[in-house]
């Protein structure tokens, strides 16, 4: 069996998937408002794997260059959230979010800035909603735009890897009628995972009481 | 420049000429400059009806291929095609009306039919009063810019189609009542569900429709699934959009798997308001999936499914494992193919939708994505035309590294053998003794001179047993002909590689051996490797593929059936409502609709049973010639005027033994195929002959035996079939017709019918010359009974005779009893053998027993035997939907027993009952 | 003298979007932009500003800190915090600082309540 069973019980995994589902739905709703088009989501995948494994997972799906907006979060649990899409989609996304507000030239000029703000809105919506569900505050860093292949997005230069095992969550999204698709991904290291486990179990208890 | 450039002016008409003068007055020298600038230019006159073209320049003629005289007078839209984007056109028109200037890229068509992207820029010239006088449009071919975009668009289209298809299926399920629906009102905490949902959950349907506490959603859910369901629903209630869960429901000791899919809708304040979804019973699907999964994991078989045009393929977990990729349900084709060794063909070809249709097999090397290890894989699958256009490639992969390594070792060994025979007897000896493969040396007459010890280990023969005997004696009879052919090749100095045959062991078992042999001088050196295990695996694989096909077929059929059932249930329901409301004036059309759906369903089951050779055939002596003759009128109408029809029969044609209805249907099907092969007319000949078939003619038949047959020959002068199509025509679901125009069951159904009748089918076809199909039906020895008495029988003539009915299905029972009573019979109604037995064993008078064949407990046939013990003359009529034993009637029925196939028309049932009782009365 | 609104956000795109929403609701208002807290404070020192809309997540001082400081200096100024960080905690802190919380992405609808409230407050203060 895969490694996640060692770290998360089946119910915990389900609950985490749902939390991500709730967060990402909110993020999709934000993105929908920004681009004025329907945003389609996949069911979230939750895996415990090495950073390299996560990079491989994305690289197997996307062989070209990638663009990502990265935001780190800190609190009872910490980690990194990424909005990832193929570089070839980048300008299309910028056009979609700037819509009528900017001319084509203007949009091109502020490509990075627009991507950062888009990532900021999407990732913040997602993380804040999850924090609310878990009833624990999180602080979010400023968004940063990265370019490169899958491997470079997940390697941390400022942290030393603790065996490199991370909790990796990802969701595919696609914007209807535009050829834009990508991923929302989250990485959490092991100490965070322990804290998260506790919060998830609180959530499960609330659910067991609440629903039905 | 003083004149408008190009040849256009030569073709302009009088009216246009006047226009142009006016235009030149307005536009000044700019017009001439533009016209000569090499840019395609059109001028239209919006004051005239439909804004016609009044001028085009030479560059326009070059760009579009239309000459000026063909273009002038028409609206510019003649360049558009059905693919031209309507929204772009609408915007272009709107821009023109609002500002007088517009620009757009339109997909246009040249005179030769070629499509190109035309970047059109239009300006309006206004007259002194400010109203539009002329419109000037420049046109530039910008197709190059769209080449990449076109590919992307096509991809989008394909994906949309797939999504639409899935959506349609989902809707169909819902309409057909297979799915239950719920709506969870989040603020009020009420759950409203439809009757199907209530049924699956064992809830009171009325209460469910009116609203229940939401806790009802969790009642009856298997305890192990309940918490997970709660968590998933908590997600939905808190705004998660996607809800999808499979879980078990337990009710009344019964366990059912259901799949629930739902969606949460937000209110204006973005708070979750409603959580709705559909529930589908997937118990059967789960069982099949589980079996398939076990079959696949056991064999280390990974499966994949690819639709051309897509960048990704659907894959199984085992597939990912075999390639060393992270488990996923879909993978980009590029990723899959990049694992394959660069010198080997890609695993998935046909990405552009062009690939030969049919089975595909290949062996190739991969470098595992995770470990970098090189492995040999084999892929077996089939390229098929896909429903949404393009191609599908569905197949399986499995690891053959071990086999390949053995092969490589063998090659090395063979080479070593050649060298070492000359150099070192000692080394040869070692190889000879230690090899686990069969090594042998024979003379040029293929008589063994020496065999190595592996022969004894593997097959049980020592050198003493074999030396001096000829090769081939141990070969399985079925493989012998081929083996002798290969041996002949060896004698002529041709090396032998990769020949598989079965070899008998001393114990009488057979093992599959793969042979490599090399003639050298006056000897033949041979190496044989045991591949029995691989053959077994291949068989298992074929079996698992068959199961996959069956699974797919079942899904498709369920869909068709659900639609038909919807027609029937809907019609009956409407009638019930109308009757309840007293509006019975037009209930006929609902009944008619229900009846038609029912007949379509009956036809479908019939075709299926015929295909699986399990239909209930009513074989009886038959004058085939007369039957064909009687179809003349029907065929003439079917074939149309362009096709000449000739029906002929040998004089003194033998009677045949077959089911007349099935034969009629077979002939009709063949005639329709023939008609479709002769779209421009031709000749169709149906002739009947006496023939005697020797055993050689029947090698491909599984049930026919040498002897006398009546042949029905259907030949056309149509387009014929190429050999590759000819090979497959009897495959189930094979069809040359476009998708949706036929299930492909036609020829395989005929094949099924003839085989089941112990006959034989042969097909001949030459491309461009026509096709002839020969149906051989077994000869009946004896006279054909005169059926006139049967036909003259009056159906509605009961006079109080007593009929015992045994039928476990209450609605069929109700129907039969009703018919009996209306016809003036007295019916005794029972639902099983247990109920019927006391009556049969009593002294009560019974004139006829009507029984279902498939009953709980004792079946109908067993009951009949028991009944006959006390009442040897009791006539018995069986009713059957499908019963395996009843498929061959002559074996199933004893004297005075008859069978009627469900579904039957009431009139047919009445007719049969009347006939049986009348016969009895007459005897 | 007209009403002046200051939009503080490190993202130019966000400033454009917020500016567009305000222009649609109050076409007559002057709009000023600043890309951070320091720039905003410098503007406030040298000219009269009636309304501010602050981003929360900015380099240097964040929007809430700035809001708290402004509240001290301008007790009656309508202040809004616009952010996609919809955490309950952030919303509560915005409320404590007397600022209106506006979820990002900012839309005309999302802005309407704050802008009309601010307009009303400014009118009554002027009377």
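Note that the numbers count up from 1, one per residue, in the order the chain is shown.
Keep in mind that glycine also has a Cβ here, set from the backbone N, Cα and C atoms.
Across the domain 'PAS' (B:53-100), DSSP assigns 29 helix, 5 strand, 14 coil. Marked as domain 'PAS' by TrEMBL: B:53-100 (among others).
Residues or ranges marked as domain 'PAC' in TrEMBL: B:240-294 (among others). Per-residue pLDDT, averaged across the domain 'PAC' (B:240-294), gives 79.
Here the domain 'PAC' (B:360-412) has, by DSSP, the following mix of helix, strand and coil residues: 12 helix, 29 strand, 12 coil. If you look up TrEMBL, you'll see B:360-412 (among others) marked as domain 'PAC'.
TrEMBL lists B:424-479 (among others) with the feature domain 'PAS'.
Feature annotation from TrEMBL assigns domain 'Histidine kinase' to B:556-781.
The feature domain 'Response regulatory' is assigned by TrEMBL to B:802-917.
Sequence-distant contacts of residue B:852 (4-aspartylphosphate), defined by Cβ-Cβ distance under 8 angstroms and a gap of at least six in the same chain, are B:806, B:807, B:808, B:809, B:812, B:860, B:878, B:879, B:880. Sequence annotations record features per position, and here TrEMBL assigns 4-aspartylphosphate to B:852.
For the domain 'PAC' (B:240-294), the number of residues in each DSSP class (helix H, G, I; strand E, B; coil) is 12 helix, 33 strand, 10 coil. When the domain 'Response regulatory' (B:802-917) is classified with DSSP, helix, strand and coil residues number 53 helix, 26 strand, 37 coil.
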